[in-house]
Amino acid sequence: MGSIYRSEHMKLCQIFFQSESAYQCVAELGELGMAQFIDLNEELNSYQRKYVNEVKRCEEMDRKLRFIEEEIEKEGIAIPDHNEHVPAPQPKHMTEMEANFEKMEEELIQNNKSSKALLKNHIEMLEMKAVLEHVTQLIDAQHKREAALSISEAVRGEAGPFVIGQRPEKDKVVRDENELRFVTGVIKQSKIIAFERFLWRMCRAKVFAKFVHIAERTEVFSNEFEDKSVFILFFSGDQLRTRVKKICDGFHAKIYNCPDSAVERTRLLDNIRTQTADLHKVIQETLDYRARIVRAASLNLRKWGIMLLKLKSIFHTLNMFSVDVTQKCLIAECWVPEVDIFNVRHALDQGTLHSGSNVPAILNEMETHKYPPTYFKLNRFTQGFQNIVDAYGIANYREVNPAPWTIISFPFLFAVMFGDAGHGIIMLLAALALVVFENKLISMKIKDEIFNTFFGGRYVVLLMGVFAIYTGFIYNDIYSKSINIFGSSWVNPYNQTLLASMDLQGTEAGSELDLTFPPEVAFLHDQGPYPFGVDPVWNLAKNRLNFLNPMKMKTSVLLGIAQMAFGIMLSLFNHLGNRSAVDIFFVFIPQCLFLGCIFVYLCIQIVIKWLFFWVKPAYIFGQLYPGSNCAPSLLIGLINMFMVKSRDPGFVTNLNNGNGTDSVIVNGQNVTYTVIDQCYLQQWYPNESLVEVILLLIAVISVPVMLFVKPFYFKWRHGKGLPVDLGHGSEEHGEFNFGDVMVHQAIHTIEFVLGCVSHTASYLRLWALSLAHAQLSDVLWTMVLNIALSMGGWGGSVAITIIFYFFFSILSVCILILMEGLSAFLHAIRLHWVEFQSKFYGGTGIQFEPFSFEKIIRVYEGLDQ
């Protein structure tokens, strides 16, 4: 608890390295991860530092490694993680690493270049093969005759759907088929319509086109495939040939020269088939060779990446050191936890030993006024709760840490809003699975952000589930139903004969029997309070909410004011740690008085009302309490306290003087009295008005004490020439300005005074969300599962199976556990950040970020940010 209650003591250390041993010493410190180095060369840019050339070489190797990784990903090969420890490589190994990466990069680049050329040739050969296979049928006599007729009509201006003054068929002059020229090629299927339309318009229908779909795939070695077609274009004249080729280029249609002779086409087709088969073998061998290279590289890629990461991070750290005039010594400054200075010295000794140097590194502890970073020693359990606190702000150095108290208060407040034992069991089992298999899950290095969020907070969820089960039993709420463990403290006061006759009357009248149990006779008051939680009979009562809502509302106020009071008490430890007497006497004590005189007083009233005021008449604090109609109204009473409104003492007048209008038996004696009008607003204990006036005066006086004393005390110290600690957490105190101090104190005072009111009201969310969760759970049970339970026979069994497993269970997990759980989680965070931590927690500190290989590697692997 000591190390997490306050941050560790930090020491600013100065380390002197010999140039030959500096690299290995820094590597050992990186493995230890307990030194945060300070940049002593902030005035220098990146190109003016000592190890800039080494950093450039590392960046170049990093570029080559990223290229290799991209090539591996193109092949769809999984890159396995490297779980074994990888030592930092020596600087003398950089040349070897560079040579290996460069050789692999050149091989892949050359392989890509040759593969690209071979694949292009293979596609062109397959397309040429398709052209030769289809061109014979495209240039037969019938197609030529059709092309000649179409072109002749276009020349005479008769092409198109409408022709004016058509000549008889026998009078038409048909262009000689031997005059026609043709161009063959391949085009994508999706471009055929646009291609044909463009040809018709640009060539004025003087080009005749025919297309044949290619059934065989041309991209054999690619996963991307697009349908293609062979085309042949008939035309007349060289001028049209030029225009046709330009149009083909515009549509990315490839033109292949096809011999006119059928014999030559057959011979060429045979040659292309032979070359295609040979080229297919060559490409396959090339791709197999590439796959072997890439697969071998994938096995070591993560190891190379970690080695390069350590190498680069060490040189980057060395660039933060200053160099003495002899260029033989490096000087570093770093923050080190006081308890780990021995480990740092040992790491420096190991680094000197491994480097082979005879001059050890020297570590000196420095006295400084610099503001230290904040560091807590955490484990797997406490890390999740510390993350909740750190999300609000990093604790100031040696400030009281809210995390130890959050371990209990956060899951408890969550459970107050979520209280359902059944849903808590599901949450507990899910978190328990993450905890039991945590080592296996950590070794899997899952990079999914949502999973890592739940896994990182597994112990938080575990305690949330435990406390949800506890509050569920307190509320006696399990899937919106109650369980009867200890029986009920309520009994039926009506005899069976009366009930039977009333039931018969209700049946004849067509109405439902509705009875009220008088608590004077139906509740077993002598047995004391119910053993644990809420009596199960309230789950059957129609006025269930009328009972539970006030109980939960008052409980929320008690819990909220208790947590706020605890937060103010924790501020005392901050003031003691800062040795600030003015904060203790003129901030802390007035805050306690203000909160106690108003809000703690309200809590005491709530508890007293629960303990003493119920339905039976009794003497309470020496005054006659006639019954529940005179139970004190706490809210209106608090308003009357602020308004200093006069009230009558007690609840009754004319007590046993013969003028009373009512009478009751108290302790076996008959007592006569007259009830005061609005008796629930009167004084319910002797001298209540005087006590409340005194409390109100103390609270009012506390406000100017908080507002004025501290700023004027600082002004007095400044006038005497004494140092003034403004408490802003900076390295220097800065120039004193009374106006700034006064405004700062006024903001804090107003925030505290108004916050006591608004924060108390804010804790009512505990009641509101508990009510919402209980009602949603009840609606889900009534409208889903209850339908199946009311069905009988085989149909009922099937309905229960289907509805329970596919509707009730899914909706329970998705809505009541995930959505409602997230809502309660966020509200619990808000209560801790705003209502609790604002009373004592600054959260303006600096995070301790040591030079750690473990942290750097986790970021590299995508497990941290």
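Placement of Cβ uses the backbone N, Cα and C atoms for every residue, glycine included.
The coiled coil annotation in TrEMBL covers 51-114.
Residues or ranges marked as transmembrane segment by TrEMBL: 412-437 (among others).
The transmembrane segment annotation in TrEMBL covers 457-475 (among others). Sequence-distant contacts of the transmembrane segment (457-475) (same chain, six or more residues past either end, CB-CB distance under 8 Å): 380-381, 384-385, 387-388, 407, 410-412, 414-416, 418-432, 434-435, 438, 532-534, 548, 770, 774, 821, 825.
Per TrEMBL, the feature transmembrane segment maps to 557-576 (among others).
According to TrEMBL, the transmembrane segment annotation covers 588-612 (among others).
Feature annotation from TrEMBL assigns transmembrane segment to 624-644 (among others).
Annotation source TrEMBL lists transmembrane segment at 690-709 (among others). If one looks beyond the transmembrane segment (690-709) by at least 6 residues along the same chain, the residues whose Cβ comes under 8 Å of a Cβ in the stretch are 582, 586-587, 590-591, 593-594, 597-598, 601, 641-642, 644, 745-746, 748-749, 752-753.
The transmembrane segment annotation in TrEMBL covers 779-796 (among others).
Sequence-distant neighbours of the transmembrane segment (802-829) (same chain, 6+ residues past either end, Cβ-Cβ under 8 Å): 388, 391, 410, 413-414, 417-418, 420, 423, 426-427, 464, 479, 765, 769, 772-773, 776-777, 780-781, 784-785, 787-788. The transmembrane segment feature in TrEMBL is assigned to 802-829 (among others).
Counting residues 6+ beyond its ends, the transmembrane segment (624-644) has Cβ neighbours under 8 Å at 598, 602, 605-606, 609, 612-618, 650-652, 655, 662, 664, 666, 671, 673, 675, 679-681, 684, 689, 692-693, 695-696 in the same chain. Counting only same-chain residues 6+ beyond the ends of the transmembrane segment (588-612), those with a CB under 8 A from a CB of the stretch are 554, 557-558, 561-562, 564-565, 568, 571-572, 575, 618, 620, 625, 631-632, 634, 637-638, 692, 695-696, 698-699, 702-703, 705-706, 752-753, 756, 760.
On the 0 to 100 pLDDT scale, the coiled coil (51-114) averages 92 in this prediction.
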